[in-house]
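Over in TrEMBL, the protein carries these features:
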type: DOMAIN; residues: 69-212; note: domain 'EXPERA'
type: TRANSMEM; residues: 34-52; note: transmembrane segment
type: TRANSMEM; residues: 73-95; note: transmembrane segment
type: TRANSMEM; residues: 132-149; note: transmembrane segment
type: TRANSMEM; residues: 156-176; note: transmembrane segment
type: TRANSMEM; residues: 191-213; note: transmembrane segment
Amino acid sequence: MVETLSTTGVPHPYWPRDLSIPGYVVNDRSMHEILSFLFSVSGLFLLSTWVLTGRKWARDGRGQEFGVARRLAICWFAVCGFIHGVIEGWFSLYYDVIPSDQSFLSQLWKEYSKGDSRYVIADNFTVCMETVTAWFWGPLSVWTVFAFLANKPCRFVLQLIVSLGQLYGAVLYFYTEHRDGYSHSQMGHPLYFWFYFVFMNILWIIIPLVLILDAWRHLQQAQTHTDLAQKEKTN
């Protein structure tokens, strides 16, 4: 990747090429270190939750063992709790110093910004969107995990709320960049554009859509059951 000088005279790898990044400091952590951390910790959350949902005491609302699809859904919310609360939470708190900061999570965001430089310039939309994601969808994702494990009546309501919020944020994320002409990434780059920008974000469109339909079905069944019970009570 061709590098351009930042305002400090230090070359940066971000797009557009004339982007001004005051105080930018080059990462001293490699891409492999950063991605290994992200995927290993996410994998640990996924594996731990998978094991937890397979324990004898873990049962669904009918008293049966969780099916594979439900266990995967709970694992998804556990991973979301980590990514929203920790990774995106860091951005929401330190977005203004990330270009010059060498903390590990700041370097993670500088690496990801090669796929979307809006993060390294504290773009207004990304700051607002990530702040809402971190402080609302992060804790609610953790609550959703607990709600399913404890068979709380609100579990599918939480699934619907969190998934709708994630879907809305992801759609706006892609749409705002589309209106900017995909100017904050090297269009077509296999790693930075297709993997960082497209793949790592489109998951928050596909999976929430599936979970919205799932929650819709369960809530509709619950309402139908309630309506029938009310009719029988009045007859």
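Glycine residues also receive a Cβ, built from the backbone N, Cα and C atoms like all the rest.
Curation does not apply to TrEMBL; its annotations are automatic.
Same-chain residues lying 6 or more positions outside the transmembrane segment (34-52) and placing a CB less than 8 Å from one of its CB atoms are 27, 58, 71-72, 74-75, 78-79, 81-83, 87, 104, 107-108, 111, 145, 149.
Here the transmembrane segment (132-149) has long-range neighbours at 49, 52-53, 58, 66, 70, 73-74, 77-78, 80-81, 84-86, 88-89, 91-92, 155, 158-159, 161-162, 165-166, 169, meaning same-chain residues at least 6 beyond its ends whose C-beta is under 8 angstroms from one of its own. Residues of the same chain lying 6 or more positions beyond the ends of the transmembrane segment (73-95) and with a Cβ under 8 Å from any Cβ of it are 38, 41-42, 45-46, 48-50, 53, 66, 101, 103, 105-106, 108-109, 119, 122, 126-127, 130-131, 133-135, 137-139, 141-142, 144-145, 148-149, 159, 162, 166, 207, 211, 214. Here the transmembrane segment (191-213) has long-range neighbours at 1, 73, 76, 112, 114-116, 159-160, 162-164, 166-167, 169-171, 173-174, 177, 182, 185, meaning same-chain residues at least 6 beyond its ends whose C-beta is under 8 angstroms from one of its own. For the domain 'EXPERA' (69-212), the DSSP counts in helix, strand and coil order read 110 helix, 0 strand, 34 coil.
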